[in-house]
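According to TrEMBL, the compositional bias 'Polar residues' annotation covers 1-10, 20-30. According to TrEMBL, the compositional bias 'Gly residues' annotation covers 1059-1068. Summarising the annotation, TrEMBL assigns domain 'Amino acid permease/ SLC12A' to 153-330, 449-727. If you look up TrEMBL, you'll see 741-858, 874-981, 1122-1189 marked as domain 'SLC12A transporter C-terminal'. According to TrEMBL, the region 'Disordered' annotation covers 1-73, 1037-1075. As annotated by TrEMBL, transmembrane segment applies to 151-172, 178-196, 234-259, 280-299, 305-329, 444-468, 488-514, 526-545, 588-609, 616-634, 654-681.
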Amino acid sequence: MASVRFTVTPTKAEDLPGLSDTSPDISSRSGARVRFGSRESVNRSDPLSEGSGGGTTTAGGAETPDYSNVEQDGNSKISSVYINNTHGVDDDDFYDRNLALFEEEMDTRPKVSSLLNRLANYTNLTQGAREHEEAESIGEKKKSPQMGTFMGVYLPCLQNIFGVILFLRLTWVVGSAGVLQALCIVFICCCCTLLTAISMSAIATNGVVPAGGAYFMISRSLGPEFGGAVGLCFYLGTTFAGAMYILGAIEILLMYIAPKAAIFVSKNPEGEGAAMLNNMRVYGSICLLLMSLLVFVGVKYVNKLASIFLACVIVSIVSIYIGALVSAFKPPHFPVCMLGNRTINGHEIDENQCAKTILLATDLVEKTTYLWKQFCQGPEINATCDQYFLSNNFSEIEGIPGLASGIISENLWSSYPSRGDVLEKASLISTHDAHPASTQQPYVFADITTSFTLLVGIFFPSVTGIMAGSNRSGDLKDAQRSIPIGTILAILTTSIVYLSSVVLFGTCIDGVLLRDKFGDSVKGNLVVGTLAWPTPWVIVIGSFFSTCGAGLQSLTGAPRLLQAIAKDNIIPFLRVFGHGKANGEPTWALLLTALIAELGILIASLDLVAPILTMFFLMCYLFVNLACGLQTLLRTPNWRPRFSYYHWTLSFLGMTICLALMFISSWYYAIVAMVIAGMIYKYIEYHGAEKEWGDGIRGLSLSAARYALLRLEEGPPHTKNWRPQVLVLLKLDEDAHVKSPRLLTFANQLKAGKGLTIVGTVVSGNFLQSYGEALAAEQTLKHLMDKERVKGFCQCIVAQKPREGISHMIQSSGLGGMKPNTVVMGWPHAWRQSEDPQSWKTFINTVRVTTAAHLALLVPKNISLFPSNSEPCTEGYIDVWWIVHDGGMLMLLPFLLRQHKVWRKCGMRIFTVAQMEDNSIQMKKDLATFLYHLRIEAEVEVVEMHDSDISAYTYERTLMMEQRSQMLRQMRLSKSDRERENVRSSRRRFGVFRGTFWTNSGRLISPTAFSKGTCLCVFVSNQAQLVKDRNSMLRLTSIGSDDDDDTDGGERDRATSAGSGGGGGSGGSAEHHRRVQMTWTKEKTSQYRATHSGCSTPEGFRDMFVKCILFFLFRDHSNVRRMHTAVKLNEVIVNKSHDARLVLLNMPGPPRNTEGDENYMEFLEVLTEGLERVLLVRGGGSEVITIYS
C-alpha cells in the first residue's frame, strides 16, 4: 500500500520526540523546541494553516525516526513533533513557546506570570528596599492582618487623643482664657494636628509603613539625620507623655478619690503645695513601676485593657453632654461661697455656713461661723477682723447655673490671674479699700501665673496621639485606606468634642468655678465632674482609668520606637537598646523609657511637664509636614500617595503653625528642643562632607554642588530616589538639522521639568578637523533645547564611526552620581531601504551597549506622530503590555508621563500575558493588588495566550526574512565568495529534498513531472500564492522591495532554480542536512483526495503539504519560534490597543549571536506593526519602583 514518508535526521539524539502532550516531561524538556499541536491556528493564519492535518507519531529509530504516516481513515494528524533548536536556550525552565523573543534574558527578566505566582505577600517583592528585604528574609510567618479602620485606627486615635487634659485642665483653660480665646486655642491646636494628619496620610499611603511610625516616615523621606533627630524627639515626647498621664492619674487619686491617702501633709497653707508635689513623686514612682512591670510581662495584657479604658473615656464624655443638657432644666446644686467678689475655699464650710454669723434656732442667739474665725483673731463678735471681711458680706452663687442661664456672656472674655491672686467674680459688688488677701485666709488662690501662651502649651498635649494609626500599620488589613480615614475622622471627632466642650463649659459653669483648677470652691470636687450626669463619680472614675490607659499606651509605644531607631544603627550608643527578649519585646528600651519617665515624675507638676512634651511633639509634627511638602515640590517618581487630598501649601502652613506654637507656648523650651535635635543631627552627620564657603552666591552654589555630588557618589541611589536621568541621542542631517526633534519633546514630557537631561549627538570625522562642526552641532542642540524648554546639558562627540561615538557618549556622560540611567533613542525608520546600511547596525549596537552599561532604554517608534506640548490628549488610554519584569520601568513611565499636561487626562491600562498553565483569574487579582500597593490607578486585564499551531504566515514571514538576510550577507561578499555562498545557500535551503520522488515500484520521478492533479507543485518558486490576504501581500511587498534595491539580482531566480534542480546540488554534500524522502503514486493520490476532505482540491492538499514541509526549510528553527512570538503578540496588542494613545511594550533583547542582527530588526518590526505610537522599553537591570514609603 502506498504511503508518504517524511524522514528527518535530528542533529542530537536527545532531541528525539516521542512524548505525548500529556507527558509530564514536556514542560521540563521543551526548552529549545517548537511543538505542533492540533489546536486551531491564530487568526492571522491564512487558509493554508486551516487545512493542516496530522497523524500518529512513530519513532523510526535513533537516527532516522519515521513520522506521520497517513492513517486508513484518511484523517491526517501531526502531533508532538519536536524539532531541535541549535541556537536555543539550554535552561528549559525559561522556555515558553509564545515568548520565544524574550527567552534569552529570562534569567534576569522573568515572566510576569511566574513573578506573580511566587508572590503570596507583596512585601516580599524585590523592591530594592534592602532594610525590608533583610528583615523579612529572617522573619517568621505572621498571621495576616485583619484590623479595619474603626478598630485599628479610629478607636486607638480616640484613646490617645482624649486624655488627662480634657478632664483636668480644659475647664481651667476656658475660665482663664474666656470662651473666645479658648476656642482660638483649641482651633489652632486642632488645625495643627489636622494639617499634620493630612501630610502624615500622604506619607503613610505612599507605601508600606512598618513599625516606627513617624520616625520611619521622616527618616525615609528626609534621610537618617533628620529621621534620627526627630525620631528621638518623638520618643522623648512619648516618654514624657507617659509621665504626664501618670501624674494626671495620681492627681485624680489624691485630690478627688482618696485625699486621705496623702503621705505628706502640711501644717500650714504655705506648705500644702510642696507636700502635694512630694506625694505626687512617691505615688507616681510607684505607679510607673507597676505599669512598667505590666508592659514587661506582656503587651497582650495592655491591649486587652485598652478597650476597657477606651470605654471609660467614651462614657465620661457622654455623661458630660447629658449633664449639660439636663442643666438646662434642672441644674445641679453646687453652691460657691463668695466674700464680696472673692471666692472662698469650700473644703471646711458646712451646709448653710457661708456667712459671718448664724442664728441658732434653739436659743435665738447669733453665733460666729468657721469663716469668722478665719478672718478674725477670735470667735467673739467684738474680735479684730480683716478689713475686707468687715466691708463685704458673704453670698452664695450657683457653680452650675445651667445651659439656659446666660452665664456665657460673663465667660466670653479672658481673665488671666497671676500667682497668688484670689479668684474673683467681676459681676459682684465689692469694696477694694482693704489690704491684699493673705494666704492664711480661706480664699481660692491661683497657683501659677497664666497667659495665652502658657495655656497653649498646656492644652496642646490633649490633641496629640494622631500617630496611633500609623504606628499600627502592620496590623491593618488595608493600611493605605484605613490610616487617612481613621486618623482624620478621629481628629475631626475630637476637635468637635473639644470645641463643643469649650462652648458647653462657658455656657453652663460659672467663671470663678472654671478658673478654680482643683475645685476647692466646691468642696474639692472635680470641676468637670460637677457638670456630669448622674454623678461626678462617673467622670472621676472614668478619667482615672483613661489616664492610666493612656500611660500604659505611652510606655508600650515609646520603647518600640527607640528599638526601631536603635536597629537602624544610625546612633551607635543606642545600639544596645535594639535588643530585647526572645519574642522581640524591647526590654532594654523599656528600662531606659522608665528611667526618663521617672524624670518627668520627679518634676511632679502636670502644668510643667505638659509644655515639655508639647515641644517634642510639635517638632515631630513640623518635620512630618516638611517631609510631605518637600516630597510634593520635588516630585520624586516614588511619591505616589494613594491619599490625594494634600497640597504642599497645606504642609507648609502646618509647618508654620507648629513652629509658631513652639515659640508661643514656651520660647526657651523651643530653643532647648531645637538644640537637642540639632545636636543629634550633627552627631549622626559628623561623617559628612567638609563645608567649604566661597565668595558670593556662586561660591556657595559651587560648594553646595560639590557637597551634593560627593554625597551622591557614596553609593547607588535607593529605589525610592530613582528617577530617569535621561540621555537623548539625536541625529543630525547634512545641514546640521535635527532629524527627530520630537524625541526631545517626548523626553521633556517624561521628565516634567525635573531631573537631569543630557542631549547628545555624534559628528562623524576627525576631532582636529571637525571641531567647528561639533560647535555648530552643539549650538543647534542648545537652540532646540531652548525651543522645547528643556533644562539640561548638551554633549557632542566627534568619532570616526557613529556607533563608537555613541558608545563613548554612554560611557562618559554625566559626573559622579549625576550620570544618565536612561537612554532615549529613535527608531531607525525605513531601515530596510535606508541609504545608510549601517543605521540599523548602529541601533542594535546601541541596544547592546545600554544593556552592558545597565542603563534603561526607551525607543519611541513613529515619533513624528507623538503629540507636541501644545497638543494635549483630552481622552484615551496609555496601554502597558507587561510581558516580562525588568525592574518596574513599564509601571513608572506612564505615571511620569501623566504628570505632564499632554498626557494628564489619559487613563492607564495594564495588560499581561497568561500562558496555558497560568491561572489568569488569580493573576488578574494579584496584579490588581500589586498595583494597589504601588499606588497606581490603572485598569488591569490578563490576556490568555494559548498554544496554537504556527501559522503558514509565520513561515512565510520567516522565509522572507531569511532570504533578505542572505541577500544582505551576499552584498558584503566578493564575487567568488558570493558564488560559493549561492551554492551553499541552495544546498542548505533546498537540499532538503532529495530532488526526486520515489514510488513503490522504484521509478524515479522528477518534481516538475508532477501534474496539477497530483497536488504537488514547485511551491517555493510561487511564493506569492501563499499570501491570502491584503495585509500579508503588503508585508511581502515591503520586504521584497529591499531585494530589488539592495542586491544585484538573481535571488528569487536562485530560489526557483534551487527548488527545481536542487537534487544534484545536495548529493554528496558533507554538511549536516535534514533528508526528506517522499514516495507517492497516482493511485495513492486519488485515494487520498477521495477520502480526505481537506485535500479535495489541489489547493487544499497543497496547504497541508506546504505547512508540513515549510518547517523543515529552516536551518535555524529559533527564528520560527521568535517570529511566532512576534506575530501572536502583535495580534493581541493590535486587537486590544488599536485605539490607545500610546502603547508601552517590553523590548526584547538583541540576539547573543550577532549573525542574527537583521532578523532582530524584523522581529521588532513585526511586533509593532499596526500600532500608531509605540514606546519600546528595556529596563536597566535594577528596581525603579517600590511599594515601600
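Every residue, even glycine, has its Cβ placed from backbone N, Cα and C.
When pLDDT is averaged over the domain 'SLC12A transporter C-terminal' (741-858), the result is 85. Highest Cβ pair count under 8 Å relative to the domain 'SLC12A transporter C-terminal' (874-981), across stretches 153-330, 741-858, 1122-1189: 1122-1189. Simply put, out of 234-259, 444-468, 488-514, 526-545, 444-468 has the most Cβ pairs sitting under 8 Å from the transmembrane segment (151-172). At the 8 Å Cβ threshold, with sequence separation of at least 6, the transmembrane segment (526-545) comes into contact with the transmembrane segment (234-259) through 3 or more pairs. Using a cut-off of 8 Å between Cβ atoms, the transmembrane segment (280-299) and the transmembrane segment (588-609) share at least three residue pairs, counting only pairs 6 or more apart in sequence. Same-chain residues lying 6+ beyond the ends of the transmembrane segment (305-329) with a Cβ under 8 Å from its Cβ atoms: 155-156, 158-159, 162, 166-167, 400, 402-404, 497, 500-501, 504, 507-508, 528, 531-534, 538-539, 541-543, 545-546, 548-550, 552-553. For the domain 'SLC12A transporter C-terminal' (1122-1189), the DSSP-based tally of helix, strand and coil residues reads 30 helix, 11 strand, 27 coil. Counted over residue pairs 6 or more apart, the CB atoms of the transmembrane segment (488-514) and the transmembrane segment (444-468) come under 8 Å in at least three pairs, which marks the two as touching.
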